[in-house]
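Noted in TrEMBL for the protein shown:
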{"type": "DOMAIN", "residues": "23-135", "note": "domain 'Phospholipid/glycerol acyltransferase'"}
Amino acid sequence: FLLWPYFRTRVSGREHIPTDGPVILAPVHRSNLDSLMLSPLTRRRLRALAKESLFKSSPMAWLMASLGAFPVRRDSADRESMRVARELLDDNNMLLIFPEGTRHEGDRVAELFDGTAWLAAKTGSRVVPVGIAGTGDAMPTGARFPRPTRVRMVVGPAIDPPEPKAARSTLRAWTQDLTDALQAAQDAASGRQVGDG
């Protein structure tokens with residue numbers, strides 16, 4: 001919670017976060033601050049996957065562990081991360097996944113991959129979209145220290161997972177539904193009206 005006052009953080013929709021069962025928290029990704037800002041959203045322990053290199057220095061390793069992060073080797077990232085993520089969700093954890101993959105600029109949600117849909121289907125996890133506005137301005141790519149910029153987060157309603165043996169076409173359609181829900185949350189966070197360019 002220490003960062004929330006610094007960024008004059010406003011949050012709406014926290015009631016949409018399930019209090020039990022496997023959950024994937026699926027926010028937009030605009031800054032390295034995002035993970036730190038998301039942790040206080042829930043009383044549940046939020047788990048995450050992070051590249052192994054972030055655990056090499058003692059202070060950073062401590063921070064990553066305190067955030068519930070697990071190291072994943074970059075060279076085997078896809079297979080290894082999916083295995084660890086599935087184990088965490090099978091144990092009824094809440095897992096942070098950025099469905100856009102890497103960081104992006106602006107309020108338009110980037111194309112999502114089907115990995116979140118597959119993971120939700122295999123583990124029966126509900127997926128919660130989160131829009132975040134302000135972190136990209138507070139700490140843009142390349143910045144070493146954050147600026148005190150107002151941050152707004154909007155949590156959208158949880159989305160039920162696809163069926164465990166859903167066809168690829170079903171996973172694609174579900175991913176589009178997640179994209180739409182994530183865009184709605186991002187528009188609300190940034191104050192955009194539906195239909196704005």
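Every residue, even glycine, has its Cβ placed from backbone N, Cα and C.
TrEMBL labels come from automatic prediction, so no person has curated them.
Applying DSSP to the domain 'Phospholipid/glycerol acyltransferase' (23-135) sorts its residues as follows: 48 helix, 26 strand, 39 coil.
On the 0 to 100 pLDDT scale, the model's mean across the domain 'Phospholipid/glycerol acyltransferase' (23-135) is 84.
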